[in-house]
Amino acid sequence: MASNMASDSTKADSTNSTNSTNTTTHQTSFDSLSSSIISSLNASHPQGCSPSPSSPSFFPRLMHGPTRWRSGFIHVDSLEPLSQTEGTFSANLYLKQPDDVHSYNGSLSPGTLQIWPLKYTRTQFYLNAHTLSKLTTTTSAGQMDLRQKLGSPVTVNVEPGDLCLICVQRPHAVAGFKGGSRVSLQGFVEYKRGEGLVVES
């Protein structure tokens, strides 16, 4: 009995060790990718770019099919008027896209990014508050109304390795898919005119 218990304990320790190693390896890979993104932004922006000292820079996101919204769920990450002097951008590094054979929509590859490049003043923001408020709801009727009133989006066929930055106030959606999975890293880039970019999760 003692021998069996020791054997089981060894197996458990081995399994825990393997899981711990895999987690550490994945975290190291994510940290390396995060550093590469920040380095690229630092080289591209005149005032440079640095990670926030108070939070991790990027976090992994995993989505499995089938997705609920076949054409994609239109939403914003922040519902407020746009500014020319400061803002926040959602930064998404695509690591894996679902297979084309699982597409819901023949005209859109699964995982295709859709962006509605709206521009509105503070006055326009309040005049259209009823429609814009639907960007924060999850009803089918609200989604249908948004697609009708917002018109056709700009579509971006993203591939693994692509980094996309989207203003958080811009309506956007990702085309749905029946099967497979989409894996990405996401963070947020804070912009203020004349200052360096700051990346946080």
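Every residue number used here counts from 1 along the chain in the order it is shown.
Glycine too: its Cβ is placed from the backbone N, Cα and C atoms.
If you check TrEMBL, you get these features:
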{"type": "REGION", "residues": "1-29", "note": "region 'Disordered'"}
{"type": "COMPBIAS", "residues": "7-29", "note": "compositional bias 'Low complexity'"}
{"type": "REGION", "residues": "41-61", "note": "region 'Disordered'"}
{"type": "COMPBIAS", "residues": "50-60", "note": "compositional bias 'Low complexity'"}
What residues elsewhere in the chain lie close to the region 'Disordered' (41-61), defined as a C-beta under 8 angstroms and at least 6 residues from its ends?
26, 30, 33-34, 91, 93, 182-187, 189-190, 194-201
By DSSP, what is the split of the region 'Disordered' (41-61) into helix, strand and coil residues?
4 helix, 6 strand, 11 coil
